[in-house]
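Participant: Submitted below is the structure of interest, expressed as C-alpha cells.
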Amino acid sequence: MHETNSLRRESRHALARQCHKPEKLPKYSSSSRASDPLLVEYERMEQRREKPRPSIFRRPTHLYKPARPWDCRVCGLLLGALHVIFGSFLIIFDLATNWITETVFAVMAGICFVLTGITSLIASKRLDKGTITILVIFSFASLVLTLAIVFESITSINYLCHRGFCNTQESTFRACLLLVCLLEAVVSIVSAFVGIRSLMNATQSDLIRFSSPLHVLLSGQEAPALARLMSRDQLQNLLLTFRK
C-alpha cells in the first residue's frame, strides 16, 4: 500500500513537471527572420532593452513651456493701445492734410504703427520667441519711420518760418505731425526695450510677476530664484534621483 502511494506521488510530480516545462520557440533561419518584420522588430526591442540607460538629470516637464501668458499683460495692452491710437490718428491726419504737407512716410508709418500695436496685443497673451521677435522688429521699423518724419517736419518748419514769416496752416500741420511722431518714437523705444529684455529670458523656466509697466522697463523679465520654483523637499528628491 505504501509503495502504491509513493508511485502515485512520483507520477503526479512527473506530470506537474511536464505541465510547467516551458515550451521552446521554433528556430528560424536567418532568411526567415529577415523576411518576417515582426521578428526583426522584436529583436530590435530586445536589443534596446539590453542596452544600459544613461542616468540623465531632467528637469520637470512643466518648466519647458514654449509659450505661456505674459505676466505683465498691462504692459502689452498699454503699448499696443498707444501704437494703434497713434497709427490710426496718423493715417487719418495724413489723408486729410497730405495735399498741404505732402509727406512721404506718413501713411506707411501709420500702417507700421498699427501692425506694431496688434503684435503687442498678441504678445500680451503669448510669450514665445516668434511673437516677441516680430514685436521688436516692428518697433525698430516704427522708430526709423518716426525719425524720418521728425527730420522732415523739422526741416520743413525751419524752411516755412524764414525771417519771421510763417505759413500758419502748413506749420500747424507739421507741428502736429512732429508731436505725434515724437510720442510714437518714445513708445517704440519702450516697446523695443521691453521686447528685447523679454526675449532674453523668453525660454527661461518661469517669470516673476510685475506690478506696473515701469517695473518691467527697469528690471526686465527675470527668472525667479530656485526657491520659488520648488520646495526644499522636491529639491532633495531631485538630488537623490540624480545621484542614483
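The backbone N, Cα and C atoms fix where each Cβ goes, and this holds for glycine too.
Pasting the relevant annotations from TrEMBL:
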COMPBIAS  1-13  compositional bias 'Basic and acidic residues'
REGION    1-33  region 'Disordered'
TRANSMEM  74-93  transmembrane segment
TRANSMEM  99-123  transmembrane segment
TRANSMEM  130-151  transmembrane segment
TRANSMEM  171-196  transmembrane segment
Participant: Any residues 6+ beyond the ends of the transmembrane segment (99-123) with a Cβ under 8 Å from its own?
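Facilitator: Non-local partners: 70, 76-77, 79-91, 93, 131-132, 134-135, 138-139, 141-142, 145-146, 148-149, 152-153, 156, 169-170, 173-174, 177, 181, 184, 188, 191, 195.
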Participant: Sequence-remote contacts (6 or more beyond its ends) of the transmembrane segment (130-151), Cβ cut-off under 8 Å?
Facilitator: 67, 83, 103, 105-106, 108-109, 112-113, 115-116, 119-120, 122-123, 177-178, 181-182, 184-185, 188-189, 191-192, 195-196, 198-199, 202
